[in-house]
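Here is what TrEMBL records for this protein:
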DOMAIN    A:71-283  domain 'ABC transmembrane type-1'
TRANSMEM  A:12-30  transmembrane segment
TRANSMEM  A:75-96  transmembrane segment
TRANSMEM  A:108-141  transmembrane segment
TRANSMEM  A:156-178  transmembrane segment
TRANSMEM  A:209-227  transmembrane segment
TRANSMEM  A:266-287  transmembrane segment
Amino acid sequence: MEKRVTFKSSWLPWLLLAPQAVIIGVFFFWPAAQALLQSFQQQDAFGTSVQWAGLENYRNLFNDATYLESFKTTAMFSLFVAFFGISLSLFLAYFADRVTRGTLFYRTLLIWPYAVAPAVAGVVWLFLFSGSIGVIAYWLHNAGLPWDPLLNGNHAMALVIMAAVWKQLSYNFLFFVAGLQSIPRSLIEAAAIDGAGPWRRFWSIQFPLLSPTTFFLLVINVVYAFFDTFGIIDAATHGGPGKDTSILVYKVYFDGFKALDLGGSAAQSAVLMVIVIALTVIQFRFVEKKVNY
Amino acid sequence: MKQKLTALVLAAAASFAAHAQTEIQWWHSMTAVNGEWVNDLAKEFNARQKDYKVVPVYKGSYDESMTAAIAAFRAGNAPNILQVFEVGTATMMASKNAIVPVTKVMNDAGKKFDASVYIPAVASYYTAPNGQMMSFPFNSSTTVFYINKDAFDKAGLDTNKLPATWPEVALAAAKLKASGHKCPLTIGWQGWTQLESFSTWHNTLLATKRNGLDGMDARLVGNSPLHVRHIENLGNMAKTGLFVYKGRNNTAEGSFVSGECAMITTSSGFYGNVAKNAKFKFTVAPLPFYPDVAGAPQNTVIGGASLWVMAGKKPEEYKGVAAFFEYLSNPEVQSASHKRTGYLPVTLASYKLTEDSGFYKQNPGTDTAVNQMVRKTTDKSRGIRLGNYVQIRTIEDEELEQVWAGKKTAKEALDSIVKRGNELLERFEKANKGS
């Protein structure tokens with residue numbers, strides 16, 4: 001029996017697709033095309049004089065040594081954010097799943113940070129760790145640790161990674177909890193009867209069954225680290241000290257929205273787009289092979 | 001129900017009354033005490049006459065309101081008046097089709113407008129090479145030196161003879177440190193105070209073409225031996241803990257108000273905040289200088305913001321803007337604003353008026369900013385106006401931080417500022433060639 005729905009008319013499927021296609025076209029492809037176009041132009045802030053610049057914006061970018069350095073910074077930042085974001089939330093989800101009393105309470109608490117705006121997250125962590133007024137900075141100083149995110153690049157990096165991970169923790173947590181709950185209890189019970197301890201049960205049953213969720217979150221977290229973190233950086237470190245926390249997307253935001261250099265900013269976002277497309281392709285081609293659906 | 005109805009009627013009546021007048025939209029970035037000041041100015045102007053109604057709208061910080069105005073301009077509904085910080089001046093000036101020069105607005109409305117009544121450093125900053133005043137000087141500030149007198153007393157320093165030169169500042173800092181003070185000196189707006197103001201104060205060029213006032217083909221030269229000497233000096237003070245870095249922009253100001261840092265170089269607009277919140281005796285002193293440099297101290301550089309008139313509006317709205325600017329030019333209004341905010345009195349008449357009222361005698365230190373600015377300017381000290389300035393300030397931040405952290409020498413950092421900054425200046429020149 002033929003199960004697939006087939007349309008007899010040739011225009012009906014296109015008509016049904018049209019609303020979605022229009023939305024994607026207007027809100028995704030049109031702005032993306034605009035950005036690409038702008039990246040080949042140089043214009044004053046008000047757009048009253050627009051000039052074709054060809055590849056000049058791109059040439060300027062790759063002649064800028066600090067821009068090339070910021071690739072390294074971005075790679076390190078997104079690696080840490082994705083790694084800690086995923087492993088920490090898996091850890092929390094595992095224990096939230098095992099809790100028998102007050103489950104709802106713990107889950108609500110863990111989901112909260114997601115409602116916080118990135119800039120606010122940055123400020124919250126800055127207040128905790130700022131050299132002059134931060135509570136935790138005060139403890140660190142009392143413990144004899146010379147904590148100084150204003151002049152020490154590693155400290156500043158740690159600060160923005162913590163804020164970015166904390167902000168994304170809830171999202172990851174939600175997916176892991178849902179993933180863990182969809183694993184049949186009978187499997188785990190059977191393993192327990194066979195004498196497998198909690199550690200063994202996790203590594204041999206739960207973690208492999210979670211692999212689709214983990215893979216999905218890996219893609220999402222990398223995209224998050226690349227695109228959604230400029231608010232945190234702007235609020236916590238302004239990309240400093242020096243350029244030590246100036247990741248690619250922060251420079252896009254700063255040059256475009258604050259410094260009004262639209263051509264340069266558009267060229268950077270085009271570069272960023274290419275990187276993320278490449279990373280996603282790599283993830284789907286190589287990492288996905290390890291995923292069991 | 002009845003109450004609701006009256007409220008409705010009243011609202012309708014009010015909106016009708018508003019329609020009878022020409023509305024002037026004024027976007028600004030003034031918060032708290034300064035926000036009240038802006039609202040009061042509009043209220044008083046509106047009460048004085050019936051034809052126009054100025055509506056001040058807070059649009060976020062300086063960079064946010066500028067971005068908002070650009071977006072609004074592109075969509076065809078820009079405000080009539082936009083307050084733009086000094087860093088955005090070159091950008092606004094280059095956008096010739098987006099703005100109307102103040103001189104033209106005033107002349108078209110038949111109002112008298114004389115740029116020579118302004119304090120020279122202020123007037124020349126907002127004047128185009130062809131002699132036309134481009135924007136209306138509103139809230140100008142400059143860089144000054146704040147000192148915590150209580151901390152000086154505790155360290156056994158003479159508060160009647162404040163440190164005036166950089167060597168004296170270093171000595172005072174050492175004594176403060178010896179007395180147990182953790183943060184003798186800090187710096188707000190490091191690029192503005194330690195490179196830009198520092199240059200004009202020592203009558204030394206930061207950029208060619210009279211610091212960019214003469215055209216967009218100016219290039220940075222802020223790596224002279226004097227600049228290197230000063231940044232090296234500060235770098236050494238950072239190493240020995242005499243100078244403590246407290247962050248970019250004005251973040252360092254909090255550590256002065258709290259008493260953590262005893263001395264700070266920052267904006268004169270910080271005065272209101274200290275006067276209100278500091279729990280110690282303080283004073284405002286002129287910026288320190290190097291006594292062996294010829295021509296030092298000259299004058300400091302302008303900061304703060306000015307009012308720009310946007311293009312593409314109805315003729316009667318421009319008349320309203322001109323009337324409002326005429327009101328703002330009134331020496332009494334300006335003097336009252338100066339006393340209230342700590343911003344500079346931008347005309348010589350308002351300065352005289354404030355002096356005659358005895359305000360400076362009653363509030364020692366408040367005339368420091370004015371005295372630094374009213375001096376005669378030289379070709380090297382009229383002001384610094386460069387394109388892509390927001391990015392150049394950030395480059396200054398990035399490179400200076402490397403010096404404070406001991407990762408780069410002063411020479412390396414300043415060379416890098418000049419090199420990276422000049423690339424941006426070249427690009428700005430190219431992008432604005434067509435206008």
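All residue numbers here begin at 1 and follow the chain in the order shown.
Note that Cβ sites are derived from N, Cα and C of the backbone, with glycine treated the same way.
Since the structure is predicted, the reported quantities are computational estimates derived from the model, not experimental observations.
The stretch from A:156-178, A:209-227, A:266-287 that makes the most Cβ contacts under 8 Å with the transmembrane segment (A:75-96) is A:156-178. Under 8 Å from some Cβ of the transmembrane segment (A:266-287) lie the Cβ atoms of residues 32, 35-39, 41, 57-58, 60-61, 67, 215, 218-219, 222-223, 226-227, 248-249, 251-252, 255-256, all in the same chain and six or more residues away from its ends. A Cβ distance under 8 Å defines the sequence-distant neighbours of the transmembrane segment (A:12-30), meaning residues of its chain 6+ beyond its ends; there are none.
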